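Novice: Mind looking over this structure? Questions follow.
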Amino acid sequence: TTRNTTSAIMFVILGFSHRPDMKVIFFILFLCIYIITVLGNLVIILVINMDPVLHTPMYFFLRNLSFLEICYTSVTLPRLLVNLLSSDTSISFAGCAAQMYFFLFFGATECCLLAAMAYDRYLAICSPLHYMDIMNKKVCIQLAASSWICGNLVALGHTTFIFSLPFCGSNVINHFFCEIQPVLMLVCGDTYWNELQIILAAALVILMPFLLILVSYSLIISSILKIRSAVGRYKAFSTCFSHLTVVTLFYGTAVFIYTRPKSSYSLDVDKVLSLFYSVLTPILNPVIYSLRNREVQGALFKMRMKLFHPGS
């Protein structure tokens, strides 16, 4: 009976309704962000596909990351845009569960993929002579596939667990999408053990790949410092800079939000922080990789020449 009652719930997403005077501005801002994110990451994918120079393990993972960023942003922003224009911001029980599942799926996949990219950089700098033998096409596909499978399992486990709990009382989600913590606050009774399980799972999903990244970069920095030439050190570090920037932006807020106790929650603050890793990181990804990467810049130039000067 509880499950039947629970499954009939319609949640209301509060979003940014506390600032009705800013709805139009928010709509224009988030629409621009979404369009730029999708187009920017699509350009990265197209550039990598079109230029044979970029058919390397590093860019194979970057292509996966760009596709992932498009999917990741598409889980939250289109719904947010609709809610900003509508007076009805309700979402069904199944719709909320689906949104949480896909958000966790793409988020957990990105955690694993960033770890795979760190491993790729470690091999490229610490074992350059054996790099192409170790990081062959089969290994790249296996690492990428493992990231997607791991993300799916994490999302399925979390979503099934949370939405099998009984909901009662308020149905208002104080967030701009069905995020774990605000949804968990609507669960009946004491959720201490539920929160503990989620924190432990988050530690495993977020911190384990993060630790692998830290280990990889510790070894990378150690190798770079052994390079005698300043130019050589700069070139080695420049191949990692873009990835390191994305990791810092993504993990900085994700770790802060998902691995702390309920007593320190402030949903209004979390709402703003969530924008960093769910909205800003995907839009900055193509900018970071195109501004700091000469190979991508060269490929972009060649693509522009083909599009606007086909005869030259």
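Keep in mind that glycine also has a Cβ here, set from the backbone N, Cα and C atoms.
Fair warning: this is a prediction, and the values are worked out from it, not measured in the lab.
The domain 'G-protein coupled receptors family 1 profile' annotation in TrEMBL covers 40-289. Marked as transmembrane segment by TrEMBL: 24-48, 60-81, 101-119, 139-163, 198-220, 241-260, 272-291.
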Novice: Mean pLDDT for the domain 'G-protein coupled receptors family 1 profile' (40-289), as a whole number?
Specialist: 85
Novice: Cβ under 8 Å to the transmembrane segment (60-81), counting only same-chain residues 6 or more beyond its ends: which ones?
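Specialist: Sequence-distant neighbours of the transmembrane segment (60-81): 13, 15, 27, 30-31, 33-34, 37-38, 41-42, 44-45, 48-49, 91, 99, 102-103, 106-107, 109-110, 113-114, 116-117, 120, 140, 143-144, 147, 176-177, 246, 278-279, 281-283, 285-286, 289.
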Novice: What residues elsewhere in the chain lie close to the transmembrane segment (101-119), defined as a C-beta under 8 angstroms and at least 6 residues from its ends?
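Specialist: Distal contacts: 58, 61-62, 64-65, 68-69, 71-72, 75-76, 143-144, 146-148, 150-152, 154-156, 158-159, 177-180, 205-206, 209-210, 212-213, 216-217, 243, 246-247, 250-251, 254, 277-278.
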